[in-house]
Amino acid sequence: MAKTKTPLVTGERVVVAVVVSRVILSPPLSLISHGFSLFLLCLFAFLVEIRAETSPFLLSRFSPRRGASSGILLGAVTLPSVMLSKLVQLTRAISLHEAEQDELSHVTMQYWAASASCCAILIYLSVIMSQAKKTESLSSSLCLTRVSLTGTVFYGVACFVSLSMISHTGLNTSLKMLWMLFHGLAAVKLIRHLLCTFPSCASIGEALLVTSGLVLYFGDFLACTIAKICENLIPVDLVSISYGIKRSETGIIVQGLLLGLLLFPMVFRCVLHIYETFLRKRDGGQRNCSDAAKSILFFVSLVFFMVLAVPSWMQFVHDFHQHPFLWVLTFVFSEPLKRISLCIYWVLLIVVSVSRFYSISRSSKVERILLRKYYHLMAVLMFLPALVLQPKFLDLAFGAALAVFVALEIIRIWRVQPLGEPLHHFMNAFTDHRDSELLIVSHFSLLLGCALPIWMSSGFNDRALSPFSGILSLGIGDTMASMVGHKYGVLRWSKTGKKTVEGTAAGITSVMAVCFVLVPVLASMGYILSQGWWSLLLAVTATGMLEAYTAQLDNAFIPLVFYSLLCL
């Protein structure tokens, strides 16, 4: 099979280099090992991406999404860049006595967990490609292997030095290094599962971002559980992380709810296997469970698992004084007028918009991807007022909405009667080339793109615009870029791409215009405003250029890149 010739310098790689350079040059001297490790990770990812795109072996093995580049460089550096930006922000908080050292240690562990997950996946991809020796010259392969091994060694040294600085003993540092190794192994196992179970649903870079995020999210909750188990046996700090930091009830509920739903498919498979084994033993044959019985068993198992098992896990990790779902009701009705009114506003907006757009999508000749930008505008109408007026309630609402999406997607994929088939036909009306019959991800990416910057901005935040990263970049910038580019665009950024200079300029200008309006409003409400206009312009421009050049799912990457730049 012939090699594919791809240029070493592309628009996406240049933008990623600019973003990573901005992040690396921002930390104080106390975080120099973190910046050095991010540089090594970026270099390693660049080499792996070059090898992947000049050799068809890796892409053919995993069947990534058609029409997208590998995206390995962007996928590998996005989450570590976000965590390093959070560390930079926390160092400012500590200098102002607005945060505790334990919180910095906690985010430091999260940075290394995310970074180790990405590094392990890059090593795994390198090992796979090294098995296809015929696709490249031996000298080139050996050179890239040596560079990768050398970078990995330096990366490990930087990780060890950083973890030693937040540890009290050598044993403590060793346990933390083992915890990083656990994240790496889990990430490799998960990305293999995702790419093999859902072929043609994601590029390798998109799968890398999702994998590192899930491993970090699940590992954080698992560490809380281990710390709770061991708090009476050994010091909490020896568990692996300083998890004595204060956690909000909302955060625990959202985290437990989402992780419970992600674990539910494995739980249901076990329940179904046990039930079918029981049927075979009772009837003495090879009888399988009927579709109707499977559906009943599915919903009964879902209710039992999510109402009893998962809340018990939440209560074990956090000292709730009542059932977590009762706590949610108490929280909602603590300000009934504002929060119930907001819920009614959301329901009405969703019903009107979805019914209208669904009828248009069935009969209109408007391009599907342009039609879906109206949902981005709907996200602005839904989330912007809530973020300004009820930010804590919006945190919980995001978690509930995402949980509903996950549950409905499980029902759709498994065609659970009676909802599975109608839900599948309904969702297909809103898909485009980036979705597949097997997995529909666009609604997840839009919701998460708006939610993640808000969730990550909890606690100390001296950048008032950072929670608005997703809403501004997706709801305003991406939408205006698509609409203006589609209607007025003439000059294209590349010969093969559809993105235009006019669309990108419109996206950047619209975001800056909204920021000029939003900043005085936030200042009048008492928000901390310390963001320089030049740094804001750089963040908006870099995000706009990334949207113009990347072939990845922009809903997933753009808000995180924008957030990381705003936090600096």
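We count from 1, first residue shown onward.
For all residues, glycine too, the Cβ spot is worked out from N, Cα and C.
Annotated transmembrane segment per TrEMBL: 31-50, 71-89, 109-128, 149-171, 252-275, 296-316, 336-354, 374-390, 396-415, 436-456, 468-485, 506-529, in sequence order.
The transmembrane segment (374-390) makes contact with the transmembrane segment (468-485): 3 or more of their CB pairs lie within 8 A, with pairs spaced 6 or more apart in sequence. Among 31-50, 71-89, 252-275, 336-354, 506-529, 252-275 has the largest number of CB pairs under 8 A with the transmembrane segment (396-415).
Tertiary neighbourhood of the transmembrane segment (506-529): same-chain residues 388, 461-465, 468, 472-473, 476-478, 480-481, 483-485, 536-537, 540-541, 543-544, 547, selected by CB-CB distance under 8 Å and a gap of 6+ residues from either end.
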